[in-house]
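Engineer: First, the structure itself, so that you have it in front of you.
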Amino acid sequence: MSEIDEKVFAEDAADYLPVFSRYKIVLDHGEGAYAYDVDGNKYLDFLGGIAVNVLGHAYAPLVEAISRQAGKMIHCSNLYYTEAQADAAAKLVKLSGLDRAFFGNSGAEANEGAIKVARKYAHSLDPEKSQIITALGSFHGRTIATLTATGQPHYHEGFGPLPAGFDYVPYNDIDALAQMMSEKTCAVMLETIQGEGGVYTPAPGYLEQVRALCDKYHALLIFDEIQAGIGRSGKFFAYEKYGVKPDIVTLAKGLAGGVPIGAFITTEEAAAAMKPGDHGTTFGGNPLACAAANVVLDTVPQPAFLKHVEKVGSYFKAQLLGLQQKYPALIKEVRGTGLILGAELTRPGRDIVNDVLAKGAIINCTAGNVLRFIPPLIITEQQVDDVLAKLDDVLPKYC
Ligand SMILES: *Cc1c(COP(=O)(O)O)cnc(C)c1O
């Protein structure tokens, strides 16, 4: 351990709010799919800052756009117009087929905004139409409303009283949703693909049936694509893959390639309920974040880029299935699509993640026992082989 490591670990232990259980490396810089620590150790980064670094580290056009914008103006508030923000909104509206975009600074804020739009719109139809239904095992953020929307009771404990009007159903269970819904349902909010909860894709037909129920009860369908969007599924929006269009979609993580940003995009009909003064943000959609988003929005939706995600994702999944055949007692199931993949283990995954880290690759474990792979979208098949070889090296110890 170097002097810098020791200093950083000691300062963090003394001064930082202890809410993260971190891996013991101090990261310093990166290039492409590789990250380097302060001691010069190199890691193949298959977490990508938790699905954020979609273009990899230090992607030159992104660095250039951010530097250029920072040299001109970082921030000016939403009391004025900027070309960067207007362009980013226009791109999102065009890509989504929806009508109006709004920018915040994070995923939680994007979901907060979507919830506010849904509540305000439903209120205009019927003041008692306020129920928001989300899925068990979902993850929607850490603010009080979004942690309430998150269908995992352990995130709620100790933070009550929580806002009223949230109910939960098992994901992929259309009968449970049908039973829960009524004319009092304001919105159904789902991750198109569940990420943090363990990488679960929608069952065939599920999202269509959810859409039909929302139409029946005049409820809005909100897709949280904060993790699964921005090309990760092989389509720019994961909902395109399943042929179901939401009324509101939320984005964050990869949207500006690492610069903090969040967005929701909504139909004109729902947007019309929002009047001047109903929502706002100081930082959200500032020219720096939007200049970065514009690079992502000019790059990721290109057919060749998305085709790469689909191709390398299929290869990755096939290799993971191969690993499962080799370690059937250890790997229970391989799930996911594109570059949001999971391998559910029959044991906790943290030690395995640590062992792979020691071999020079950053991978992740979520929900306790699901190895989750949400790498930069620019990874190659060779890099997939490298990471899986490291995993293959450490797995025998756990059999
Ligand atoms: C990460 C995530 C969020 C929260 O985003 P933050 O930027 O951490 O607030 C919300 N929903 C999903 C699906 C996520 O993966």
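Glycine too: its Cβ is placed from the backbone N, Cα and C atoms.
The pyridoxal 5'-phosphate binding site annotation in TrEMBL covers G107, A108, F139, D224, E225, I226, Q227, T282. The N(2)-acetyl-L-ornithine binding site annotation in TrEMBL covers R142, T281. Residues annotated as N6-(pyridoxal phosphate)lysine in TrEMBL: K253.
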Engineer: Which of the recorded positions R142, K253, T281 has its Cα closest in space to the Cα of G107 (pyridoxal 5'-phosphate binding site)?
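Structural biologist: Result: the closest of the recorded positions to G107 (pyridoxal 5'-phosphate binding site) is K253.
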Engineer: Which residues, sitting 6 or more apart from I226 (pyridoxal 5'-phosphate binding site) on the same chain, put a CB under 8 Å from its CB?
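Structural biologist: In sequence order, G107, A110, N111, E191, T250, L251, A252, K253, G262 meet the Cβ cut-off.
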Engineer: Using Cα coordinates, what distance in whole Å links T281 (N(2)-acetyl-L-ornithine binding site) and A108 (pyridoxal 5'-phosphate binding site)?
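Structural biologist: With distance taken Cα to Cα, A108 (pyridoxal 5'-phosphate binding site) is 13 Å from T281 (N(2)-acetyl-L-ornithine binding site).
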Engineer: In whole Å, how far is R142 (N(2)-acetyl-L-ornithine binding site) from A108 (pyridoxal 5'-phosphate binding site) when you measure between their Cα atoms?
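Structural biologist: On Cα coordinates alone, these residues lie 6 Å apart.
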Engineer: Sequence gap of 6 or more, Cβ distance under 8 Å: name the residues on the same chain that satisfy this around T282 (pyridoxal 5'-phosphate binding site), in order along the sequence.
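Structural biologist: Spatial neighbours, sequence-distant, of T282 (pyridoxal 5'-phosphate binding site): S77, N78.
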Engineer: Which of the listed recorded positions (A108, E225, K253, T281) has the least company, meaning the fewest other Cβ atoms within 10 Å of its Cβ?
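Structural biologist: With the recorded positions A108, E225, K253, T281, fewest surrounding Cβ atoms within 10 Å: T281.
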Engineer: In sequence order, what residues of the same chain, 6+ apart, have a Cβ less than 8 Å from the Cβ of R142 (N(2)-acetyl-L-ornithine binding site)?
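Structural biologist: When sequence neighbours closer than 6 are ignored, R142 (N(2)-acetyl-L-ornithine binding site) has A108, Y155 within Cβ distance under 8 Å.
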Engineer: Near ligand 1, which of the binding-site residues show up if the criterion is a Cβ under 6 Å from one of its atoms? Options: F139, E225, Q227, T281, T282.
Structural biologist: F139, Q227
Engineer: Hey, what's the widest CA-to-CA gap across G107, A108, F139, D224, E225, I226, Q227, T282, the pyridoxal 5'-phosphate contacts in the record, in Å?
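Structural biologist: Across G107, A108, F139, D224, E225, I226, Q227, T282, the widest Cα separation comes out at 25 Å.
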Engineer: Given a separation of at least six residues and a C-beta threshold under 8 Å, show me what packs close to Q227 (pyridoxal 5'-phosphate binding site) in the same chain.
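Structural biologist: The list for Q227 (pyridoxal 5'-phosphate binding site) reads I50, A51, G107, E191, I193, G195, E196, K253, I340, I374, given in order along the sequence.
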